[in-house]
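So the structure is just underneath, and the comments pick up after that.
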Amino acid sequence: MSVWAFAFFSLFLSLSVRGSAEQCGQQAGDALCPGGLCCSSYGWCGTTADYCGDGCQSQCDGGGGGGGGGGGGGGGGGGGGDGYLSDIIPESMFDDMLKYRNDPQCPAVGFYTYNAFISAAKEFPDFGNTGDDLMRKREIAAFLGQTSHETNGWWPAAQGDQYDWGYCHMNYNYGLCGDDLNLPLLQEPELVETDPFIAFKTALWFWMTPQSPKPSCHAVITESWTPSAADSEAGRVPGYGVITNIINGGIECGQGGPNNANENRIGFYKTYCDSLGTTYGSNLDCYQQRPFGYGLLGLKDTM
């Protein structure tokens, strides 16, 4: 299996979902966090105020170091200070857009925090910071739309709208991106399961990193990608649909439509665009696009 195939399967597919994935406290038989980390009220381990502040269950001095902790401080990359991403998507809007992510019925309750998202994004200074305000908002909506589809916890009898249930399930982002991020993800894949900062950071790495012949999702949504002759012949035109093709084209694209997966991704995207006050752009689906990685005679290249 190639680097790309491994990254594809490990970074954006929910490989398994647990009924309860909490790590510590009363949610996990009063277990303590490793390395002296704080145990949050929701049963997750970390070092920031989300974990060591109100409701902390044990080891609340946060004595462990840990890899980023999922919280608010730091983050390299120079993506700007508090006036960066938080100007476009303040915490109140994040909470409203992902309003059920902390519902007790969600396996990932309490895991995906706003501070973890903002801190991880600062590691990628071009994310949500390219182009005018409409484009910046469109990229955030596209990222949250695609990742919400991968972590969706909605079911037909659930309260609220289908597109209110993003970031409900865990999404296990292992992979060779650890080499780029200097994280031992192959040896310690549980880092993604236990640290929301790392979970967001690996997803953003996937979003920002091209994997030939695929462009990066960032390049597509910021209109800096120009289709090659092969792309044009395959019907791959700029727009949100190409991002779906990048992520899961072999299953969801080039088969006509509609299909539930495409429509779900588009539904999340439109909902978040509306919340952020931006336009959708064109070419939202990939129904008429051949997947990347198809070679001569229409046979799928061996990855």
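Cβ coordinates come from backbone N, Cα and C, glycine included.
Given the structure is predicted, the values throughout are model-derived calculations rather than measurements.
As annotated in Swiss-Prot, Cys253 shares a disulfide bond with Cys286, one of the listed residues Cys217, Cys286. Between Cys38 and the candidates Cys24, Cys45, Cys52, Swiss-Prot records the disulphide pairing with Cys52.
Recorded disulfide link (Swiss-Prot): Cys45 to Cys33, out of the candidates Cys33, Cys56. Using DSSP to sort the residues of the domain 'Chitin-binding type-1' (22-62) gives these counts of helix, strand and coil: 10 helix, 7 strand, 24 coil. For the region 'Chitinase' (82-303), the model's average pLDDT works out to 81. Non-local neighbourhood of Cys56 (disulfide bond): Cys38, Cys39, Ser40, Ser41, each in the same chain, at least six residues away, with C-beta under 8 Å from its C-beta. Of all the disulfide-bonded residues listed (Cys52, Cys286), Cys286 sits in the most crowded Cβ setting, with the most other Cβ atoms within 10 Å.
Taking Cys60 (disulfide bond) as the reference point, none of the recorded positions Cys24, Glu150, Cys253, Cys286 has a C-alpha atom within 10 Å of its C-alpha. When secondary structure is read from DSSP and collapsed to three states, Glu150 (active site, proton donor) falls in the helix class.
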